[in-house]
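Below is one structure, written out as structure tokens; the observations come after it.
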Amino acid sequence: MNVVLFGPPGAGKGTQAKELSSYYDIPHISTGDILRANVKQGTELGKKAEHYMNRGELVPDEVLIGIIKNRLAEPDCKKGYLLDGYPRTIPQAEALDGILEEIGMPLDVVLNIDVPDEELVGRLSGRYMCECGESYHVRFNPPQNEGVCDSCGGQLYQREDDREEVIRQRLESYKNKTQPLIDYYANKNLVVHINGEKDINSVFDDIRVVLDKYLN
Ligand code: AP5
Ligand code: MG
Ligand code: ZN
């Protein structure tokens, strides 16, 4: 199945994508994760991206389009893909249409995870991450031992951009540049809305009801 997980920062895209990826056995492609890995390794790409990311601004389209084109060309995507955090602008969506047509894997569905703004700030400021890809929340999804990852025992940390002033800017970028994509995909009849205010497991169950239709 070929899926875009859409929604504002903190909606739960990464949390759901991780579970869905193992449940349906399709790759989870998060442009945020790819960019952060490049920043950490100090690559040219990472150096270019870092200053935008730390300010909560979008990294330029041409950089992202290159990343996604390469990633979708990898063999594991023959099974399908779960895009998380891409596309985020109209030019990115248009480029994606072209890439998907070329590889013959058109989108099945765009899941829009809806969560109100007030809730998003609380989710992001309480988020803790692990190197292994797990993420937690101090209140909504706490690890068994404070500061330690349940699945690998690693030390948890906060993301650079999960500071209040950067969170506000990320929400602004989302409203101005990314939200218009809902109409773009609604015009193609691809959007299904998911109530992201429910607890993590209920959101997962609701998404499965939708995605099970696309199993072949
Ligand atoms: P990215 O990494 O994509 O960040 P984001 O869109 O801001 O989204 P988040 O990862 O913060 O939120 P999420 O929806 O994944 O939430 P999560 O599941 O973690 O992008 C980072 C930056 O990279 C961008 O700002 C930009 O600079 C750059 N970038 C990336 N892609 C780009 C692109 N295409 N174009 C240009 N620039 C790009 O959940 C959040 C918290 O809530 C967690 O603590 C979790 O435990 C908790 N939680 C999750 N679900 C629930 C629930 N149902 N109830 C209660 N708590 C919950
Ligand atoms: Mg994420
Ligand atoms: Zn871990």
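Cβ atoms are placed via backbone N, Cα and C, with glycine included.
TrEMBL names G10, A11, G12, K13, G14, T15, R127, S135, Y136 as ATP ligands; from the candidate set K69, K198, the record adds K198 to that same site.
Record check: TrEMBL places T31, R36, E57, L58, V59, G85, Y86, P87, R88, Q92, R170 at the AMP site, and the matching candidate among R139, R159 is R159.
Neighbour counts of Cβ atoms within 10 Å were taken for the binding-site residues R88, R127, R159; the minimum is at R159. Residues T31, R36, E57, L58, V59, G85, Y86, P87, R88, Q92, R159, R170, recorded as contacting AMP, have a largest CA-CA distance of 25 Å. In the three-state DSSP reading, R127 (ATP binding site) counts as strand. E57 (AMP binding site) sits 32 Å from C152 (Zn(2+) binding site), taking the Cα positions as reference.
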